[in-house]
């Protein structure tokens with residue numbers, strides 16, 4: 001494959017997105033089926049309300065932070081494509097951040113470029129922003145947080161983490177792996193953390209080569225104390241302060257309407273249609289009835305269990321942990337819409353340089369199984385939504401197949417992944433703990 005420069009790739013990607021924005025305007029005007037995402041119309045209406053000094057929640061089905069509507073106020077003042085341009089620029093920024101993260105870890109230039117292509121030239125991802133979906137902004141923020149952590153900028157990482165959780169609640173799943181990564185053996189005051197290079201062929205165990213025995217009565221206290229490091233406390237306090245400040249400020253402006261639509265709604269959301277989730281059929285059968293608390297909790301149990309296992313096993317390999325967490329979170333969620341897929345697509349290029357998977361066999365198997373299962377679901381969804389066919393059971397079976405496809409992809413990546421903790425362990429960081437190494 002001919003060498004492609006990153007600058008040429010970015011330029012082509014920008015032109016491609018501009019073309020689809022212009023084409024989308026033409027299709028919206030001349031064709032019955034609109035190119036623009038219906039959510040974009042909701043964003044634009046909410047932004048117009050904010051421009052008039054009114055609540056964005058006067059627009060029914062606006063269930064996002066007021067920040068999204070605020071960013072799109074130029075839609076009402078300048079041109080309606082402003083938001084699409086903003087989201088597409090964020091989409092390109094995701095590609096730039098992917099390259100930045102890979103270069104920080106010493107990934108060769110060609111491999112960096114090919115990995116970035118997985119994002120920038122993915123038809124699903126470049127149509128997300130050009131159709132007017134806000135997810136590229138969230139993806140860019142998540143990647144920027146990883147960059148800040150890799151550069152040792154905990155204050156910046158904490159600020160953006162608090163903000164992104166306010167913007168879209170799902171990044172809360174990254175809290176535990178981030179906190180676990182902020183170990184004193186990786187982060188020390190005034191020092192930039194040392195990153196594990198891509199070319200490293202042997203990864204030393206983070207547990208050392210021996211066991212630790214207690215030689216002092218205060219060892220347990222010192223160990224517990226070491227859990228509450230300056231970095232962890234700083235990150236937790238700042239990110240929580242930013243989240244609660246934003247939430248409190250908008251609660252002051254828009255009261256319970258904001259709290260319900262932007263946060264609480266997403267915790268209790270049920271959707272009997274347009275939903276890839278395995279819980280789809282159960283939701284459909286009981287849609288007009290209130291779900292018992294036990295039912296709501298049970299639906300979260302598989303999701304929480306998988307998250308904890310992945311965090312316990314892969315937290316030190318931060319980008320890979322984020323990727324698996326996000327894929328599992330989406331796969332086991334009560335509601336799954338197509339826009340959720342972009343959440344893990346932006347993290348996929350960060351793990352490709354460390355996979356032993358061959359595209360010719362296992363790679364294509366993952367791609368075809370995942371796309372095939374999704375297309376199979378969409379076929380039944382089309383028969384239900386547009387033809388009015390009673391195919392709820394078939395649609396539920398298609399949801400089970402899609403869960404199997406996501407699980408297969410996740411397990412395959414785990415089996416073919418080369419473990420590579422992001423940060424090198426600095427053993428002298430633990431010298432203040434009285435231990436005896438066997």
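Residue numbers in this text run from 1 along the chain shown.
Note that Cβ sites are derived from N, Cα and C of the backbone, with glycine treated the same way.
Curation does not apply to TrEMBL; its annotations are automatic.
Listed ranges 80-96, 97-113, 114-130, 165-181; the one TrEMBL annotates as transmembrane segment is 114-130.
Segment annotation: TrEMBL labels transmembrane segment over residues 395-415 (candidates 395-415, 416-436).
Same-chain residues lying 6 or more positions outside the transmembrane segment (6-26) and placing a CB less than 8 Å from one of its CB atoms are 35-36, 81, 84-85, 88, 91-92, 95-96, 99, 109, 112-113, 116-117, 120-121, 126-127, 129-131. Remote same-chain residues near the transmembrane segment (233-255) are listed as 55-57, 65-67, 154-155, 157-159, 161-163, 165-166, 178-179, 182, 262-263 (criterion: CB distance under 8 Å, separation of at least six residues from the stretch ends). When the stretches 137-154, 322-352, 364-383 are ranked by Cβ pairs under 8 Å to the transmembrane segment (114-130), first place goes to 322-352.
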